[in-house]
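Engineer: So TrEMBL says this about it:
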type     : residues                       : note
BINDING  : ASN107, HIS112, GLU117         : oxalate binding site
BINDING  : HIS110, HIS112, GLU117, HIS163 : Mn(2+) binding site
DISULFID : CYS31-CYS48                    : disulfide bond
DOMAIN   : 62-217                         : domain 'Cupin type-1'
SIGNAL   : 1-21                           : signal peptide
Amino acid sequence: MLATRFVLLILVTLAAEICYAADPDPLQDFCVGLKDSESGVYVNGKVCKNPKDVRADDFVFSGLEIVRNTSNLLGSNLTEVFEEQLRGLNHEGVAMVKIELAPKGTNPPHSHPRASEIIFVLKGEIYVGFIGTNPTDATQPNKLYATILHPGQVFMFPRGLIHFQYNVGKTDAVAYASLNSQNPGIVTIASSLFGSDPPVNPEMLARAFQIDLKTVHYLQSLKWTRNN
């Protein structure tokens, strides 16, 4: 009986370990990604470059020091450093973004389906926030977690939740964000719904947003952009 209980305890422990397991640890020092056109295959990430051909340049990205143009509809510019821009990030589970905002510029509501995000403000005053998932009680509103960040402050956006940044100051603002995925994915809410190809059924959008069809048709006629 004691032996049976011991075996059951081991099985339960192993099951718990499997349930809580995360991505597997790397089995080599690095896996510099090859472009899909070079490899001809698709995997969860990129196929590794031959280690003999890897150079220090595979781990370098240049250009974050450049001041980008924010003279656009959103008053913002994003410089992404994902695996696509820095092949050395492949299989490392990290990425970053430089966020530049003109006064009243915004990085509009969006989500990252594959990553949590932490943002550090270098310059300016930025209103940041995220919205929680739907509450169990359908009569209750979704909870907003928002604040104004100043230089030196950090804020965290949980994985998959809708979040945003908005420059509430009178000068340009700059922030850097780190994400725990080499390819976090970006779903910009407005442009995804009103700028998709082919368009989403306008009657459905009118019903969902409780607005008239004329407004939906107008929004779908706009040229949507992410400004990055």
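Here the Cβ of each residue, glycine as well, is placed from N, Cα and C on the backbone.
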Engineer: May I ask which of the recorded positions CYS31, CYS48, HIS163 is closest to HIS112 (oxalate binding site) if we compare their C-alpha atoms?
Structural biologist: HIS163
Engineer: Can you name the recorded positions among CYS31, CYS48, ASN107 whose CA is within 10 A of the CA of HIS163 (Mn(2+) binding site)?
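Structural biologist: Of everything listed, what lies within 10 Å of HIS163 (Mn(2+) binding site) (Cα to Cα) is ASN107.
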Engineer: With Cβ-Cβ distance below 8 Å and at least 6 positions apart along the chain, what are the contacts of ASN107 (oxalate binding site)? List them in sequence order.
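Structural biologist: Once residues fewer than 6 apart are set aside, ASN107 (oxalate binding site) is near LEU74, SER76, LEU78, ILE99, LEU101, PHE164, GLN165, TYR166.
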Engineer: About how far apart, in whole Å, are the alpha carbons (Cα) of HIS110 (Mn(2+) binding site) and GLU117 (oxalate binding site)?
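Structural biologist: Distance (Cα to Cα, whole Å): 12 Å.
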Engineer: So which one is it: of the binding-site residues HIS110, HIS112, HIS163, which has the fewest other Cβ atoms within 10 Å?
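Structural biologist: Least crowded of the binding-site residues HIS110, HIS112, HIS163, by Cβ count within 10 Å, is HIS110.
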Engineer: Would you kindly give the Cα-Cα distance separating GLU117 (oxalate binding site) and CYS48 (disulfide bond), rounded to the nearest Å?
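Structural biologist: Distance between the two Cα atoms comes out at 26 Å.
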Engineer: Determine the most Cβ-crowded residue among the disulfide-bonded residues CYS31, CYS48, using a 10 Å radius around each Cβ and all protein chains in the structure.
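Structural biologist: Counting Cβ neighbours within 10 Å, the top one is CYS31.
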Engineer: Could you tally the C-beta atoms, other than its own, that fall within 10 angstroms of the C-beta of GLU117 (oxalate binding site)?
Structural biologist: 23
Engineer: Determine which residues of the same chain, besides HIS110, HIS112, GLU117, HIS163, have their CB within 8 A of the center of the CB atoms at the recorded Mn(2+) site, and list them by sequence.
Structural biologist: SER111, ALA115, PHE130, PHE157, LEU161, ILE162, PRO184, ILE186
Engineer: Across the domain 'Cupin type-1' (62-217), what does the pLDDT come to on average, as a whole number?
Structural biologist: 95
Engineer: Can you grab the distance from CYS31 (disulfide bond) over to GLU117 (oxalate binding site)? Cα atoms, rounded to a whole Å.
Structural biologist: 23
